[in-house]
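S.K.: This is the structure I want to talk about, given as structure tokens.
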Amino acid sequence: MFGGLLGEETKRHFERLMKTKNDRLGASHRNERSIRDGDMVDAPFLNFAIPVPRRHQTVMPAIGILHNCCDSLGIYSAITTRMLYSSIACSEFDELRRDSVPRCYPRITNAQAFLSPMMMRVANSIIFQEYDEMECAAHRNAYYSTMNSFISMRTSDAFKQLTVFISRFSKLLIASFRDVNKLDDHTVKKRARIDAPSYDKLHGTLELFQKMILMHATYFVTSVLLGDHAERAERLLRVAFDTPHFSDIVTRHFRQRATVFLVPRRHGKTWFLVPLIALAMSSFEGIRIGYTSHIRKAIEPVFEDIGDRLRRWFGAHRVDHVKGETITFSFPSGLKSTVTFASSHNTNSIRGQDFNLLFVDEANFIRPDAVQTIIGFLNQATCKIIFVSSTNSGKASTSFLYGLKGSADDLLNVVTYICDEHMKHVTDYTNATSCSCYVLNKPVFITMDGAMRRTAEMFLPDSFMQEIIGGGVVDRTICQGDRSIFTASAIDRFLIYRPSTVNNQDPFSQDLYVYVDPAFTANTKASGTGVAVIGKYGTDYIVFGLEHYFLRALTGESSDSIGYCVAQCLIQICAIHRKRFGVIKIAIEGNSNQDSAVAIATRIAIEMISYMKAAVAPTPHNVSFYHSKSNGTDVEYPYFLLQRQKTTAFDFFIAQFNSGRVLASQDLVSTTVSLTTDPVEYLTKQLTNISEVVTGPTCTRTFSGKKGGNDDTVVALTMAVYISAHIPDMAFAPIRV
């Protein structure tokens, strides 16, 4: 105890001496080149004058003294954050982000690549007016006074504990929360086998609700431990969680004293709380955590798992426990962190405790008298209650937390798996199983799709929305009939946001995918030929070309006319893009007439070869066609037979479109539509006309767009997206002409 007090007194005495020296000398003798741990915590003072009075000046850490209007500009705060905390959070978390970037994206390895050489020469030639020695001393003092506060925070024990927590969690995330025997080792072994699907990722990933639980817990613990330095430490958290654009109002939600998470069954709620509690105990000295659940049997495996993790990571000599009630973790300083367990049948063990974090697992199913004990902790300013639960909205007793949605209380924040905006969409659309805000992804812990939803409904009506999702009941009056399938926000985004594929072609994939849905009719009020040309941009799909072609008359040259239209669209796309595409992969639907499909493919091949020889544009040398075998033969022909893939293709396209992953190029080519209207608006009208038709007691689903309009371009685009994602390259081959 005496040694600890002496150390604190010595530290404070040193800080006073440093402050006195800076005040006396104006920090003029400070080391101008010192950098700590790769960060600019000791960034030198730059003597440049600004033509504003002192009352309108502000100190930007690691930058200098600027006009106070700069304090509200995001660019300066972002630069400050990166310069102060780059070595703490960026090393691990940027590594994760680099691994997650698709290979088609260009990787910038040189920091100077962001500036052109001419801009750098101009910047280096700028000479700033400087203050004289007297004014400079005053500005130095103001600057280093601010920087000293950051140094004081960086050297504090609480901040070091926070950085240790971030570092350890990043290592766990890289290793998918397994195979980490010693968290403080610099080498982290990868998992040899991942039980859950990894979706081609080299590291572990978090569901969005798991990241939010982590953010809520970390922000609140930071505000409690760091006290006056909490606001400065939030800059570090914005770097660590990759949320640079979060405002102070948004981050205030993470410091609220009560947060409710309503998440579907089997999504990894308790699975995530175990390493989170273990890491918090082993990183923050003296932290007190409470954990309660609805029954004793649910607490026992959590108790054992947390204890096993701590013993495996740090050794059994630092872990002590009272069977089923308390786990204690000892630090070299002599301080201890504890976690206390209690079921809703006996909450006496948590009464009178002084928790910093109180996790209430399966909160919707705990006893009412236990809720009263838990709510009593709201009166403790240093305690945050985190309710995590699934919801059975069919009963009032198991969905009382759901009634808290929409609360404007400053103490309470409610997070649901499906937001209010998209709840109606999930309720109406029988194949939707997740919120569009969650990018309609399939969670790692349980694959939820339309088949699972329909199976649950067969056992018990409304069981999917009530028990698995929680928070909605299917209205049987609207189960029959038509319903729209594309969200308004996705339609608006498709109309407004159109990236240019001509100005910057490097990030895009080298291959183009074409789907042709031929129609042999001269009636413009009936179906026409739909053509869609798409490419890939990472996980997104970009529409390069769109055609809706109607024959002038039914003649023997109809197939050649359709093939010429497709070739014209392709050559114009190649002409406006300076970089040559790799392979053009074409699928021509042959359901209506297989002979005509072969003739269309032949005409396209002939036209593309002629364009290639004429060198009118950087035409790809490889034009391949999807081939199918004819019945009873081994001969393959260049056409695509659309059979049962249509519903699957539409389901996939709907998920991608509502997730914002289908985009239209700003330089979209159309020789048939653009003469009369904007091709994107033309396509959008057909998209809004598509509806899902549900019939019969089993709610059989079909898609229709013929009512009041055409759907040819939508079908072509849907199938183009489908073949680009699901058809292997070996199914395409060139044809000889």
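Placement of Cβ uses the backbone N, Cα and C atoms for every residue, glycine included.
Straight from Swiss-Prot, here's the annotation block:
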ACT_SITE  GLU362  active site, for ATPase activity
ACT_SITE  ASP517  active site, for nuclease activity
ACT_SITE  GLU589  active site, for nuclease activity
ACT_SITE  ASP712  active site, for nuclease activity
MOTIF     188-194  motif 'Nuclear localization signal'
MOTIF     263-270  motif 'Walker A motif'
MOTIF     357-362  motif 'Walker B motif'
S.K.: A 10 Å Cβ contact count, applied to the active-site residues GLU362, ASP517, GLU589, ASP712: which residue has the minimum?
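M.R.: Per-residue Cβ counts within 10 Å for the active-site residues GLU362, ASP517, GLU589, ASP712 bottom out at GLU362.
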S.K.: Provide, as an integer number of angstrom, the distance between the C-alpha atoms of ASP712 (active site, for nuclease activity) and ASP517 (active site, for nuclease activity).
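M.R.: Answer for this pair: 7 Å between alpha carbons.
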S.K.: Going by DSSP assignments with H, G and I as helix and E and B as strand, what are the residue counts for the motif 'Walker A motif' (263-270)?
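M.R.: DSSP composition of the motif 'Walker A motif' (263-270): 2 helix, 0 strand, 6 coil.
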S.K.: By DSSP assignment, list the helix, strand and coil residue numbers for the motif 'Walker B motif' (357-362), in that order.
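M.R.: With helix first, then strand, then coil, the motif 'Walker B motif' (357-362) has 0 helix, 5 strand, 1 coil.
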S.K.: Provide, as an integer number of angstrom, the distance between the C-alpha atoms of GLU589 (active site, for nuclease activity) and ASP517 (active site, for nuclease activity).
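M.R.: Distance between the two Cα atoms comes out at 5 Å.
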S.K.: Just the number: how many Å between the Cα atoms of GLU362 (active site, for ATPase activity) and ASP517 (active site, for nuclease activity)?
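M.R.: If we compare the Cα positions of GLU362 (active site, for ATPase activity) and ASP517 (active site, for nuclease activity), the gap is 51 Å.
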S.K.: Using DSSP reduced to three states, classify ASP712 (active site, for nuclease activity) as helix, strand or coil.
M.R.: helix
